[in-house]
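Student: First, the structure itself, so that you have it in front of you.
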């Protein structure tokens, strides 16, 4: 399980590095397209093309950010599920131990206390009757 997590972490780090490299390239492309002076644009047809390219870069940036957020949310959800499963297993084990404990003991705590009280009352009654018999 630990190896799988480590492999998953390594893979995620690789993906992040690749995505960040892509983002850096996209940012550089945006900077280059923003730095183009008006003199370089000879006709009106080139301007929409540059704008369109920059919009694509922005869209790709947003998409990469969204994917990264989704991955983080998946990690959080996975961790929460694992914690819930651990808690559930602990509760199940406690219940099983209680059931096993009851089976081996035969009686619950309340039942044992009730039997002790009855025994003690019976002893007291016997002692009283003996004392009363001696007095007479």
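Glycine is treated like the rest: Cβ placed from N, Cα and C.
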Student: According to TrEMBL, which listed range is coiled coil: 2-29, 30-57?
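Tutor: Spelled out, TrEMBL records coiled coil over residues 2-29, not the other listed ranges.
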Student: In the compositional bias 'Basic and acidic residues' (69-98), how many residues does DSSP assign to helix, to strand and to coil?
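Tutor: Going by DSSP assignments, the compositional bias 'Basic and acidic residues' (69-98) contains 30 helix, 0 strand, 0 coil.
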